[in-house]
Amino acid sequence: MFWSLALLAYLLGSLSFAIVLSRLTGSPDPRSSGSGNAGATNMLRLAGRKLAILTLLGDLCKGMLPVLLARQVGLDPQEQAWVGICAVLGHLFPVYFRFQGGKGVATAAGMLMALYFPAALLAIGAWVLTFYLTRTSSLAALIATPLTLPLLAWREPEALLPMTVLTLMIVWRHRSNLRDLFAGRERHF
């Protein structure tokens, strides 16, 4: 059952709401415009608030649904987390869009909402506060994601290994943003 859910999660994660919505509305392809990222922040820049919110909700749901399904069929928290990571991998490397996806932050947040909601609240709160103070989405994601690890180590220790892997994936996916942050070139809102 685990492998079937992992594959299903990857395929669901591969549905890029940013790309689909941009095609449906005639908006620029987020992979070749703005920051080049197929995610909600770039959709906000390119297509406005409405499409950004729809992208965010779609990306949250595709992270959340596989984990909830994994829980429903009786997988343990670690297996649920690995299934959720498969959804994030789908977002990062979508099979339907030549493996050119987003950075996985919203999909990871949806996964975390289903896995352990207090950790998701911590991450979302840290993201909002950091974004409010810096107006920089990438920095907010890079600060918020690792903050969940101590709470998970304490309350959901069996999910700590996959969540550490997830954190490393998100940091790796933001490597160009890190270079821009250190060089003072990162985009702000």
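Heads up, the Cβ atoms here are built off N, Cα and C, so glycines get one too.
The following features are taken from Swiss-Prot:
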- 1-21: transmembrane segment (TRANSMEM)
- 50-70: transmembrane segment (TRANSMEM)
- 81-101: transmembrane segment (TRANSMEM)
- 111-131: transmembrane segment (TRANSMEM)
- 151-171: transmembrane segment (TRANSMEM)
Could you name the stretch, out of 1-21, 50-70, 81-101, with the greatest number of CB pairs under 8 A to the transmembrane segment (111-131)?
50-70
Distal contacts, the transmembrane segment (151-171) - CB-CB under 8 A, six or more residues away:
76-78, 80-82, 84-85, 88-89, 92, 103-105, 108, 111-112, 115-116, 118-119, 122, 141-142, 145, 178
Do any residues of this chain, six or more beyond the ends of the transmembrane segment (81-101), have a C-beta under 8 angstroms from a C-beta of it, and if so which?
2, 5-7, 9-16, 19, 31, 38, 59, 62-63, 65-67, 69-70, 75, 107-108, 110-112, 114-115, 159, 162-163, 165-166, 169, 173
